[in-house]
Amino acid sequence: MSALANDTETQPLLAKDPQRRATPLPKFQLALICFLRITEPIAFLVCFPFLNQMLLDVGAVDDPKDVGWPAGIIESIFSITQLTTVFYWGSLSDRWGRKPILIIGSIGSAISAIMFGFSKSLTMMIVTRSFNGLMNGNVAVLKCIMAEICDETNESRAFSLFPVMLNLGTLIASYVGGEYANVGRHYPNFANTFPIFKTYPYLLPCLIAGLFPLLSSLAAFIWLEETLPPPSISSDPDAVPDEPEPLKDIFTTKINLIMVSFGVLSLMGSAIMGIHPLFCFTPAIDGGLGFSEKNIGNAMSVRAVLILVVQLVAFPWLQRKIGTWRLYKILMFFWIPTFLGLPFVNLIARGGNMAMVWVSLTLTLVCAAIGNMAFVCNLLMVNQAAPSRRSLGAINGYSQVVSSFVRTLGPGGASILFAVSIDKQIWGGNLIWVVCTATAVIGVWSGLVLRK
């Protein structure tokens with residue numbers, strides 16, 4: 001490699017030429033990456049609208065108040081198992097290529113989603129979710145591909161698509177899971193024609209969800225271009241091969257502080273993901289809203305739509321006007337009213353005014369959507385703090401491990417804490433909201449200590 005190439009490759013990512021125009025992105029390849037990104041949340045989240053009712057139906061618990069602990073296990077087991085294999089899949093992608101690993105992960109997600117619909121016991125539900133986590137390292141690999149097709153002039157625009165695709169997948173999963181669960185009750189003529197959906201009332205949404213990763217694996221097989229560079233071969237026997245970035249240059253205080261803040265942010269984001277459907281399902285008298293599966297799906301869809309709108313409309317303008325680092329600190333404050341607002345929504349639900357329930361719930365979810373923009377800021381901050389482009393893969397792997405670890409605690413831990421708060425009536429059933437609000441305060445602090 002020439003001295004000029006080496007010098008360019010090791011330049012800090014913040015050192016940009018302000019006059020340099022953005023490099024055009026490969027639109028078709030970017031579309032394929034976005035499609036692959038959408039499929040994980042569809043396979044992961046499709047069960048959330050009906051999970052609590054399904055746990056009652058399979059006999060995991062008898063009382064709706066006790067559904068939080070098995071729901072917590074189901075919600076967390078994916079991340080627990082993914083945490084054990086994510087580096088393995090990343091390492092394989094460095095040897096086999098990005099494309100085959102993405103195809104394997106997508107097929108694994110499809111099989112897991114479909115088999116979940118055949119579950120008739122808590123054990124089967126846990127096994128299928130575990131399989132999904134073990135087989136799936138796609139997010140980390142997709143981040144590597146994105147870094148490999150981008151440069152410093154267009155990476156912020158490209159990486160900002162990740163949370164948009166995540167929430168588009170959430171929107172699809174919420175609709176499918178809420179609309180097509182228990183099809184025998186909602187569409188009896190269809191169920192009479194296909195009696196398998198009477199035997200397995202949650203199979204149809206899982207089949208639909210499984211189609212998405214199957215289609216994405218086929219699209220990747222046919223059209224996705226391999227981005228892993230071939231091993232460089234030098235004619236100079238004395239040439240020094242490219243060395244990975246030293247760990248001391250990756251695990252710096254600045255990057256570690258960003259990761260700590262990202263960990264708290266991910267904990268809040270995954271907690272609201274776990275609490276939201278359980279809160280909607282729980283009867284109002286017990287601290288929830290008493291929604292049906294369909295209304296739970298509608299509520300999850302409202303949340304996803306709000307995040308999409310805020311992300312696409314507000315974020316680009318705010319990021320240009322305020323700057324990534326300052327905006328991040330502001331956005332972290334919005335998690336406090338998110339968690340403080342939900343118990344007040346329950347108080348309204350106890351009064352039976354459903355119109356006001358939806359209005360107050362939507363206002364709370366608006367705060368969550370605004371706070372959710374902090375994920376994009378953090379992603380950009382991580383890339384900007386990287387010492388060189390050669391370290392992007394390692395730093396994004398570091399970020400994914402933090403995310404997977406926190407997701408083992410967030411949805412499940414929050415769901416279990418919600419169940420304990422309601423069952424034991426700790427602080428009037430409000431222990432969950434006190435803990436979540438305290439976490440949000442810590443999140444604000446973790447943002448304020450960051451320095452550009």
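Keep in mind that glycine also has a Cβ here, set from the backbone N, Cα and C atoms.
What TrEMBL annotates here:
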type     : residues : note
DOMAIN   : 26-452   : domain 'Major facilitator superfamily (MFS) profile'
TRANSMEM : 30-51    : transmembrane segment
TRANSMEM : 71-89    : transmembrane segment
TRANSMEM : 101-119  : transmembrane segment
TRANSMEM : 202-224  : transmembrane segment
TRANSMEM : 257-279  : transmembrane segment
TRANSMEM : 299-318  : transmembrane segment
TRANSMEM : 330-349  : transmembrane segment
TRANSMEM : 355-380  : transmembrane segment
TRANSMEM : 401-420  : transmembrane segment
TRANSMEM : 426-450  : transmembrane segment
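The stretch in 30-51, 101-119, 299-318, 426-450 that contributes the largest number of Cβ pairs under 8 Å to the transmembrane segment (330-349) is 426-450. A contact between the transmembrane segment (30-51) and the transmembrane segment (355-380) is absent, since fewer than 3 of their C-beta pairs, 6 or more residues apart, lie under 8 Å. Under 8 Å from some Cβ of the transmembrane segment (101-119) lie the Cβ atoms of residues 36, 39-40, 42-44, 46-47, 54, 58, 89, 92-93, 125, 128-129, 131-132, 134-138, 141-142, 200, 202-207, 209-214, 216-217, 220-221, 224, all in the same chain and six or more residues away from its ends. The recorded stretches the transmembrane segment (71-89) and the transmembrane segment (355-380) do not share 3+ CB pairs below 8 A when only pairs 6 or more apart in sequence are counted, and are therefore not in contact.
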